[in-house]
């Protein structure tokens with residue numbers, strides 16, 4: 001191979017490498033484009049989320065999209081919290097296959113949690129709390145084996161908590177409080193670790209139709225405290241009544257004794273001296 005051929009191959013390799021670095025992964029591009037199309041942005045917080053940026057959102061570890069974090073040229077974290085966003089979550093979000101953290105909390109997003117999230121196999125953190133999400137919690141979340149955090153509190157989710165979520169071995173934070181969930185809390189989410197439940201009652205409160213441990217234990221403790229309070233009030237009232245009665249008797253005795261002394265004085269004065 002001549003020197004000119006080697007130089008040509010080197011230039012071609014450099015060109016291909018540079019092209020890969022400056023061109024978005026087609027999956028990430030589809031993910032971002034569809035996510036933006038499904039979201040309404042009345043406060044214009046996503047004004048820089050444009051097609052031109054979607055075609056090149058990352059350069060190594062540098063992100064050109066507000067709310068996005070890059071790792072080796074791929075989107076690996078999306079944090080769009082408290083931006084007054086509306087609309088729904090696009091099922092094409094699953095195209096961001098390197099995504100490890102998704103935080104869309106404290107917005108006004110409605111609709112369902114798309115089952116396609118199951119394809120985010122690297123997902124570790126899912127925070128969709130404080131929105132208007134409805135429908136059931138998709139059991140396909142259990143296929144995201146690396147999930148450490150599932151936070152869905154303060155939504156309008158209904159139905160039962162999927163039993164499969166209890167099989168997520170890495171799950172360390174779980175919160176579905178203040179929804180419209182019903183049925184029994186899955187055993188693997190409520191079982192004890194030593195003397196403590198895996199997730200305590202605060203993870204489940206605010207769901208009128210939900211029952212089972214640890215909610216049941218909290219209610220029993222609450223009832224126990226109520227009974228003790230009633231007994232305490234009763235005892236307190238009884239003691240107070242006794243004290244008042246005792247004080248009244250003492251006063252009556254003192255008044256009676258005083259009258260007797262006065263009467264004895266009068267009698268002694270009226271008797272003649274001998």
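Heads up, the Cβ atoms here are built off N, Cα and C, so glycines get one too.
What Swiss-Prot records for 48 (among others) is N-linked glycosylation site, and it gives sequence analysis as the kind of evidence. Around the Cβ of residue 48 (N-linked glycosylation site), 12 further Cβ atoms fall within 10 Å across all displayed protein chains.
Feature annotation from Swiss-Prot assigns N-linked glycosylation site to 82 (among others); the stated evidence is sequence analysis. According to its DSSP assignment, residue 82 (N-linked glycosylation site) is coil. Proximity of residue 82 (N-linked glycosylation site) to non-local residues of its own chain (separation of 6 or more, Cβ distance below 8 Å) is seen for 105, 106, 107, given in sequence order.
According to DSSP, residue 95 (N-linked glycosylation site) sits within a helical segment. The Cβ of residue 95 (N-linked glycosylation site) lies under 8 Å from the Cβ of 27, 28, 30, 31, 34, each of which sits 6+ residues away along the same chain. Annotation source Swiss-Prot lists N-linked glycosylation site at 95 (among others), citing sequence analysis.
Look at residue 127 (N-linked glycosylation site): DSSP puts it in a strand. Among the features that Swiss-Prot reports, N-linked glycosylation site is placed at 127 (among others).
Marked as N-linked glycosylation site by Swiss-Prot on the basis of sequence analysis: 191 (among others). Secondary structure at residue 191 (N-linked glycosylation site), taken from DSSP and collapsed to helix, strand or coil, is coil. Taking the Cβ of residue 191 (N-linked glycosylation site) as centre and 10 Å as the limit, one finds 14 other Cβ atoms among all the protein chains shown.
Annotated N-linked glycosylation site per Swiss-Prot: 200 (among others), in sequence order, evidence recorded as sequence analysis. Within 10 Å of the C-beta atom of residue 200 (N-linked glycosylation site) sit 14 other C-beta atoms, taking all shown protein chains into account. In the three-state DSSP scheme, residue 200 (N-linked glycosylation site) falls into the coil class.
Here Swiss-Prot flags 169-192 as repeat 'LRR 4', drawing on sequence analysis. Residues 124, 129, 137, 145-163, 198-199, 202-215 of the same chain lie 6+ residues outside the repeat 'LRR 4' (169-192) yet bring a C-beta within less than 8 angstroms of a C-beta in it.
Under the heading signal peptide, Swiss-Prot lists 1-24, citing sequence analysis as support.
In the predicted structure, the topological domain 'Extracellular' (25-223) carries a mean pLDDT of 94. Summarising the annotation, Swiss-Prot assigns topological domain 'Extracellular' to 25-223 and lists sequence analysis as the type of evidence.
What Swiss-Prot lists as topological domain 'Cytoplasmic' is 245-274, and the listing cites sequence analysis.
Same-chain residues at least 6 positions away in sequence with a Cβ under 8 Å from that of residue 127 (N-linked glycosylation site) are, in sequence order, 81, 102, 103, 104, 105, 149, 151.
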